[in-house]
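*Asks:* Pasting in a structure now, in structure tokens, and then I'll have a few things to ask.
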Amino acid sequence: MDAVAAEPVSSSMAGLPAQLRDLGQQDYAPVWRAMQRFTDAREEYTADEIWVVEHAPVFTLGQAGKPEHVLAPGEIPVLQVDRGGQVTYHGPGQLVVYPLLDLRRLKIGVRDYVCKIEQALIDTLDEWNIVAERRDGAPGVYVGGAKIAALGIRVRRGCTFHGLSFNVAMDLQPFHRINPCGYQGLQVTSVLDLGGPSGMDAVKAVLLDQLARQFGLVLQPTSALPDLSLPA
């Protein structure tokens, strides 16, 4: 049984329990493979989980990703992955959240799932009086036309993996090496650049609370990490 590291994160309603795992700073590939294994091994009564991580610098190309949108990767590795969407960048100072949820148990569809994630991000930014919005046909969250959070998801047998990336206090220069999400010239921004906090912990706490509210979850933090080994 996993050791509980802290009290459950509060939610506005009693809800379904979900394990919360803070992975710290990790390379992308081991976490990607771990969430694939978790999703493949899920059974009807497997508890949902939410993983939180900061990744080492990496560009990822989703299933719709076109190599020509990677303009000048330089020393930053490029990985083709199995999420939806185009190309994006992950790096230190960006909060990445992977909700591993059973949509059938939550009784929501994929469209509602995406909308709930976007609303959690919008409500998180409102904590610091940052007015954000969603765009029809372009998943993610935007402030004044600049993208501050990207979504890239995969659903297998009704269960989600991959998730969201939220620019908190990071070097945005690598985004100039790609066409973010497949859009040439798309501007990006961060919480810090918009007058919000620089600390990841402050933003993380608010976002997790908002996600718990949107999905009706009671988050149960655990110190146990998933198996992050890579296949031989």
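Cβ coordinates come from backbone N, Cα and C, glycine included.
The following feature annotations were taken from Swiss-Prot:
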- 44-219: domain 'BPL/LPL catalytic' (DOMAIN)
- R83, G84, G85, Q86, V87, T88, Y89, H90, A150, L151, G152, G163, L164, S165: substrate binding site (BINDING)
- K147: site 'Lowers pKa of active site Cys' (SITE)
- C181: active site, acyl-thioester intermediate (ACT_SITE)
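If you look at the structure here, what lies around each of the features I listed?
*Replies:* Cβ neighbour count for G85 (substrate binding site) (all protein chains, 10 Å cutoff from its Cβ): 22. In three-state terms derived from DSSP, G85 (substrate binding site) belongs to neither a helical nor a strand segment and is classed as coil.
In sequence order, G140, V141, P180, C181, L186, Q187, V188, T189 make up the list of same-chain residues 6 or more apart from K147 (site 'Lowers pKa of active site Cys') whose Cβ falls under 8 Å from its Cβ.
A helical conformation is recorded for C181 (active site, acyl-thioester intermediate) in the three-state DSSP classification.
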*Asks:* Taking every protein chain shown into account, which of the binding-site residues V87, A150, L164 has the largest tally of Cβ atoms within 10 Å of its Cβ?
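*Replies:* Output for this query is V87.
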*Asks:* Give me the largest Cα to Cα distance among R83, G84, G85, Q86, V87, T88, Y89, H90, A150, L151, G152, G163, L164, S165, the residues the record lists as binding substrate, in Å as a whole number.
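*Replies:* Taking every pair among R83, G84, G85, Q86, V87, T88, Y89, H90, A150, L151, G152, G163, L164, S165, the longest Cα gap is 15 Å.
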*Asks:* Taking the Cβ of G152 (substrate binding site) as the centre, how many other Cβ atoms fall within a 10 Å radius?
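*Replies:* Step by step: centre on the Cβ of G152 (substrate binding site), count other Cβ atoms within 10 Å, giving 25.
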*Asks:* Averaging the per-residue pLDDT over the domain 'BPL/LPL catalytic' (44-219), what integer do you get?
*Replies:* 95
